[in-house]
Amino acid sequence: MRKMVFVTGNKGKFNEARSIFEAKDIELIQDTGGYPELQEDELEPIASFGAKWAAEKLKIPVMVDDSGLFINALNGFPGPYSAFVENKIGNKKVLRLMEDEDDRTAVFKSVIGYCEPAKEAIVFTGMVEGLISLEEKGTGGFGYDPIFEYNGRTFAEIGDDEKNKLSHRRRALDKFFEWLSK
Ligand SMILES: O=P(O)(O)OP(=O)(O)OP(=O)(O)OC[C@H]1O[C@@H](n2cnc3c(O)ncnc32)[C@H](O)[C@@H]1O
Ligand SMILES: [Mg+2]
């Protein structure tokens, strides 16, 4: 079976990607070694640098996924700071920041970076638009899923299978598969 190495410390991301890859008959292997995360406003350069760095270090082809939640009323915050905000502040305080906001629109983005040693990295971006819910709902998923609403239900309510059909990560991975199959 074909294999792909995914460099990430995030179990939620890995599990999602693994089942999406399984359906393509590709075995996904997690490497938790990590990579330096650049401080940039956009996710693409972070994923590109991370994939290149990890491919050179491990000397094998690798993929990474830099993702984040961009809330329009907060000018795109937490965006590239999504991991930091999730760990230090959490969903309840994000909801508190949104207390007086009428515009609850938000975008989840996932940027898959792929690189082979001695080559340039290539990136694939997937996005899904939704709303920041008024309260946390659901027990599935991970991270911001309990506060990200899509068609009236949060990503934590819809279940892994449905999330994997339409998520930002799925959309980025579909572009990656298309490129891989060329
Ligand atoms: O090791 P890496 O892959 O960097 O793992 P990470 O958790 O640090 O991930 P990022 O740097 O890409 O930060 C993205 C943040 O957004 C969260 N996130 C990403 N995709 C998500 C999704 O599909 N649902 C909920 N939260 C998500 C994730 O949990 C992080 O807190
Ligand atoms: Mg990270």
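Any Cβ shown, glycine's included, is placed from N, Cα and C.
All TrEMBL annotations are machine predictions without curation.
Annotation note: Asp66 (active site, proton acceptor) sits in a strand segment as assigned by DSSP. Within 10 Å of the Cβ of Asp66 (active site, proton acceptor) there are 30 other Cβ atoms, across all protein chains. Residues or ranges marked as active site, proton acceptor in TrEMBL: Asp66.
Annotation comment: TrEMBL describes Thr8, Gly9, Asn10, Lys11, Gly12, Lys13, Ser67, Phe142, Gly143, Tyr144, Asp145, Lys163, His168, Arg169 as substrate binding site. On its own chain, Gly143 (substrate binding site) has Asn10, Gly12, Ser82, Glu86 as residues at least 6 apart in sequence with a Cβ closer than 8 Å to its own Cβ.
According to its DSSP assignment, Glu37 (Mg(2+) binding site) is coil. For Glu37, Asp66, the entry in TrEMBL reads Mg(2+) binding site.
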Would you mind sorting out which of Thr8, Asp66, Ser67, Asp145, His168 (the recorded positions) have a C-alpha within 10 A of the one on Glu37 (Mg(2+) binding site)?
Asp66
I'd like the number of other C-beta atoms within 10 A of the C-beta of His168 (substrate binding site), please.
25
Which state, by DSSP, holds Asp145 (substrate binding site): helix, strand or coil?
helix
Here the Cα-Cα span from Asp66 (active site, proton acceptor) to Thr8 (substrate binding site), rounded to a whole number of angstrom, reaches 9
